[in-house]
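Q: The following block contains the structure, expressed as structure tokens.
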Amino acid sequence: MISIEKWRFSWTLVATVASVLTLVSVVHLFLFPLVPSFDYFTARQQIQNSCVPIKESAERVTNRVWENSPPQLNLDHRFPADLHNAVVYRNAPWKAEIGRWLSGCDSVAKEVDLVEMIGGKSCKSDCSGQGVCNHELGQCRCFHGFRGKGCSERIHFQCNFPKTPELPYGRWVVSICPTHCDTTRAMCFCGEGTKYPNRPVAEACGFQVNLPSQPGAPKSTDWAKADLDNIFTTNGSKPGWCNVDPEEAYALKVQFKEECDCKYDGLLGQFCEVPVSSTCVNQCSGHGHCRGGFCQCDSGWYGVDCSIPSVMSSMSEWPQWLRPAHIDIPINANITGNLVNLNAVVKKKRPLLYVYDLPPEFNSLLLEGRHYKLECVNRIYNEKNETLWTDMLYGSQMAFYESILASPHRTLNGEEADFFFVPVLDSCIITRADDAPHLSAQEHRGLRSSLTLEFYKKAYEHIIEHYPYWNRTSGRDHIWFFSWDEGACYAPKEIWNSMMLVHWGNTNSKHNHSTTAYWADNWDRISSSRRGNHSCFDPEKDLVLPAWKAPDAFVLRSKLWARQFKA
């Protein structure tokens, strides 16, 4: 059950809230002045009371972080523990040795001059207006229903599975449609010839609904029989939909079919008559338009949240993580035609995090194509475009993604990065599995876990084909988020060297098998040739993050976590 709260705060607070709710991961990844090698986790019995690595023989990446670092700083005396053996760091209590490390080492970390490349490559046909140009790679990121180098090729995503004599609209699926199917997204609408052609006809709305067979029993939907006579009617005495005027319906002058509602994002009201903001990653950072979950960036900007400037952008609008910057312009550069990239020198503290700009099939397309507005996200918007936070358990994945994209430790320079984040939205893949024919899990025997593993493997194959960073450490400096139940149990064997972010911390020491109560999430049936034989969580390299909880403004202001309790 999902409840929704309204928080009358400006959008600028979203990053703050996300940071609080993912505090453990954010601090660990972005605030430590050293890159914690995996040796750190294997030496938990040692107390880290100075700003030097436990083992000086750490990898190249660790050595680079500690170049010109200050001498050892004893933290025990400088940051004493309280009565509860805790040290407060950034208004939150931490276990003493961790709190000391954070408090002391963060304060002495030195800034480095980092060269950030501002891309200027163009894309074919400027993506034909059906995508966003990645100016670093010169590649289009196409919207739902389009593909090709210039996003000029249409893809037709059917709403229905193949029909049979018994099922003229195919077997049931979330996207099932007896009216007009928008094949760019596999979504169902009233269509031309009706008064409201863009009104959704989702699921039972378009089909005959049978009354209960006995008192107290639920209604049933006959997915083989369309209810076009009713939903297309102009007779106010019949339960209509596609021609129902909202004002007349609210005034009780006409009837309407109660099974019809407004499930798609960007629309509110009983009759979907109120347009509102859709939910996008970081709401496109003020440099684009959110089209149902996919950011359509303004000219000169790109990235999943339109946060990356190109050479065509104005420096005055650059994000904080790229400021202040000194631009090096080649003497012989032809500003009007031949300039491809610019170098911007920015001061940053390590560790530095590179976020892959993956093809949108791993993130934006999943958001744009979702059939339920509450899926995959941690908020929607009301009729005043105010934020409505949800308590969707897996919303931390969206919050974490948005937070690191705006982090001061983010870099566009993969050569200097200490960590690499691979943004695959597994919670969205799992909740959307089998909701349309193009996301069918039939080849995976109905297992959502198996389908999701395939997405992660494709992301892995993409980064090893197009980027040089994986092979440098066999992926040990890469980070993946597995937000669903049981953790990274279904991670493909190829990426297990990496750091996994999970909610549960299940080491499988007690139950070395899937313990889910839902058969489609069971990972026992996934072949070891794909999954390997790893656990769901490895405490030597992985991290446990808190699940999402709807922000409570009162709790945040009150700082209840800072209260002292009697033993």
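Keep in mind that glycine also has a Cβ here, set from the backbone N, Cα and C atoms.
TrEMBL does not curate its annotations; it predicts them automatically.
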Q: Among C133, C151, which cysteine is annotated in TrEMBL as forming a disulphide with C142?
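A: Candidates were C133, C151; TrEMBL matches C142 with C151.
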Q: Here the disulfide-bonded residues are C123, C133; which one has the lowest number of other Cβ atoms no more than 10 Å from its Cβ?
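A: Output over disulfide-bonded residues C123, C133: least Cβ neighbours within 10 Å is C123.
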Q: I'd like the number of other C-beta atoms within 10 A of the C-beta of C142 (disulfide bond), please.
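A: There are 26 such Cβ atoms around C142 (disulfide bond).
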Q: How many Å lie between the Cα of C142 (disulfide bond) and the Cα of C123 (disulfide bond)?
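A: About 11 Å separate the Cα atoms of these two residues.
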Q: Count the residues of the domain 'EGF-like' (119-152) that DSSP assigns to helix (H, G, I), to strand (E, B) and to coil, and report the three numbers in that order.
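A: Residue counts in helix, strand and coil order: 6 helix, 10 strand, 18 coil.
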